[in-house]
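Trainee: Handing you this structure, nothing more for now.
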Amino acid sequence: MEIILNAGLGIGSLMFLLLLFKTGKKQEDYFFLCWIVVTLGQIAFYGVTIYRFELRSVWAIATFGLPLLGAPLLFLYILALTGRFVTWKTVLAHLSVYPIYILLLFLIQERDGVVLIASNGLFRLPKNPPVWMQYYAVPLALSALFYCIWDLVLLRKHSQNIVEFFSFHEKVNLRWVNYIVYSYFLLFLVASFLIFGAIHFQLLPIENAFALVGITLCLMLIAFVLYGFRQTAVFSNIDVGRTMDSKVSAAEKASYSKSGLTPSKIETLANQLSTYMEQEKPFLNEDLNLTLLAEQSQISPSYLSQIVNQYFQKNFYDFINQHRVEEAKKRLLSADYRHLSILGIAFDCGFKSKSSFNRYFKKYTGKAPSEFRKK
């Protein structure tokens, strides 16, 4: 088990160095760097206290309480990654629980004349321990559960916003971050089960229980590495959320009646947009988003969103991809494009992947692209 913990430390350290030397780091990258450091600290805590030596007093409290930093740092990372600018006030509000926890435990142990000793992954309890020593881990469990739920709520809102701001899902859906949050929740369940079983039913030695918790944490960190490299959202400079940042708020969408656009003005702008789409074909740009189209068509983002939603009765994703499918239909039947494969036409029409093209083409036409081309 110690080998796996050491492997997790090595892989995590490599990941930290790769991200540290990444150029053009954004706010979310710094949160992620901090999360890696804290996670490595947690893994090191299990490795040291189980296989090396005990930690005492402040050192024991500070390292045992690291999950109170890990959970909020992952939340702040997701918050920034989905387009919110995180202020220092927000950062301090979420991270302040950790120093408060350390200070309270230190003061309580001084008051009661005891010294907290971390051994085998937890605090060693004396005979007839004070009541507070039996519940010292409760804040960590509550924090993990609370932030897991909040993370999932954030990611759900982000997935709902994608169709209103982007014409593609690839590299912006953050599905891989969902996997990380679910693994965090799994870690919480595994830790609770193992520790409860070890303490109350002696299912396994307590040191093995915490070693398994550390291994689960290592596996989660390794999964982050694999998904990060595969999806490239952590290691590249993809700007996932900035398009959505304060361009068209939910309040604006909910109050289209207060936008000042009259029916005649809406129709005029809709015709302007339709003409621009037909003549300039901006949808051929695979990275087209609401902000970019607003700049190109000279229609404000809020007006553009209202026109697409209200006049055309579509979200932005469907509006753009319908134009892409129409263009693909023309090219699939045109002799001028017979030299191109179906996938080549899909890419030329603005689709980022074969799967998204096939899925949306069949949704819109009822036929697969290959079937449509044969007719």
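From the backbone N, Cα and C atoms, a Cβ is placed for every residue, glycine too.
Predicted, not measured: the structure shown is a model, and the values here were computed from it.
Sharing the record's features from TrEMBL:
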- 267-375: domain 'HTH araC/xylS-type' (DOMAIN)
- 6-23: transmembrane segment (TRANSMEM)
- 30-51: transmembrane segment (TRANSMEM)
- 57-79: transmembrane segment (TRANSMEM)
- 91-108: transmembrane segment (TRANSMEM)
- 135-155: transmembrane segment (TRANSMEM)
- 176-203: transmembrane segment (TRANSMEM)
- 209-229: transmembrane segment (TRANSMEM)
Trainee: Within the same chain, where does the transmembrane segment (57-79) have neighbours whose Cβ lies under 8 angstroms from its own Cβ atoms, ignoring anything closer than 6 residues to its ends? I mean 6 or more beyond.
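Mentor: Residues packing against the transmembrane segment (57-79) from afar: 28, 31-32, 34-35, 38-39, 41-42, 44-45, 86, 90-91, 94-95, 97-98, 101-102, 105-106, 109, 115-118, 122-123, 139-140, 143-144, 146-148, 150-151, 154-155, 174, 177, 180-181, 184.
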Trainee: If you run through the domain 'HTH araC/xylS-type' (267-375) with DSSP, how many residues end up as helix, strand and coil?
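Mentor: Secondary-structure composition of the domain 'HTH araC/xylS-type' (267-375): 82 helix, 1 strand, 26 coil.
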